[in-house]
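Take a look at the structure below.
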Amino acid sequence: WIMGHMVNSIAQIDEFVNLGANSIETDVSFDKQANPEYMYHGTPCDCGRDCLHWENFNDFLKGLRKATTPGDSKYHEKLILVVFDLKTGSLYDNQAYDAGTKLAKNLLEHYWNNGNNGGRAYIVLSIPNLNHYKLIAGFKDTLKNEGHEDLLEKVGHDFSGNDDIPDVEKAYKNAGVTGHVWQSDGITNCLPRGLSRVKLAIANRDSGSGIINKVYYWTVDKRSTTRNSLDAGVDGIMTNYPGVIADVLSESAYKNKYKIATYEDNPWETFKP
């Protein structure tokens, strides 16, 4: 999965997919009542990027729905996964459940079109704080209560705080999550970061007894870091330059080992070579 980083306006969806991304990450900010409000990152952000692109949350969902609904004039067949980077740092811990509820209601209406030929992309809810694990229950309970439990098949999870893997596992246990787990590791492209925790996450993924199904590394803009990540065995790479990742994947060392994921590739299944 080539994951376009910080895609916060509708115009950027086309831009990043056209550059080679089959997945995008977008930043969700919340208001004081725990309503998802804007797609917005703000400053500081990655080196070499404009941090100020933004869109109203529900408008973005509608644009995203068009981009992922077959037959729509804006449809991109290869856009198959969307990571919602949930900026819950502005919320109190006791608002996490409400945030999940409100997120689910908005996605149900504006992205899934109330279950009537909505967008088809897989969704990863990425939470920065382990203490906010109740967001997951709020989200799941709401879809169940609204009669759309089937849509949970399209939803996965990530804790993005670079926490120790055993602590992440504990948070999932508290949340009642047993699958659909992506594990992120990384740092802004302005700073270097080693691969030691990525390798721990990959070991958990491949152990057969861990909770992790997929591992992605962010934010990777250089060919050398891309190669190191692929050598370690990641499933996804988040980048500001999708073309760089696509180029490296076409190199002789990688083109027979990796392929660019399509809709038929189940993002919740641990890959067994």
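Note: Cβ is positioned from N, Cα and C throughout, glycine not excepted.
Taken from Swiss-Prot, the feature active site applies to HIS5, supported by similarity to another entry. For GLU25, ASP27, ASP85, the entry in Swiss-Prot reads Mg(2+) binding site, with the evidence type similarity to another entry. The active site, nucleophile annotation in Swiss-Prot covers HIS41. Residues or ranges marked as disulfide bond by Swiss-Prot: CYS45-CYS51, CYS47-CYS190.
Distribution of Swiss-Prot features across the structure.
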residue: HIS5; record: active site; contacts (Cβ under 8 Å, 6+ apart): GLU25, ASP46, ARG49, TRP218, THR219, MET238, THR239, ASN240
residue: ASP27; record: Mg(2+) binding site; contacts (Cβ under 8 Å, 6+ apart): MET6, ASN8, MET39, TYR40, HIS41, ASP85, LYS87
residue: CYS45; record: disulfide bond; contacts (Cβ under 8 Å, 6+ apart): MET6, CYS51, THR188
residue: CYS47; record: disulfide bond; contacts (Cβ under 8 Å, 6+ apart): THR188, ASN189, CYS190
Neighbour tally for CYS51 (disulfide bond), based on other Cβ positions within 10 Å of its Cβ:
15
Please list, in sequence order, every residue of the chain apart from GLU25, ASP27, ASP85 whose Cβ lies within 8 Å of the Cβ centroid of the Mg(2+) site.
HIS5, MET6, VAL7, ASN8, THR26, VAL28, HIS41, VAL83, PHE84, LYS87, SER126
Per DSSP, three-state class assigned to ASP85 (Mg(2+) binding site):
strand
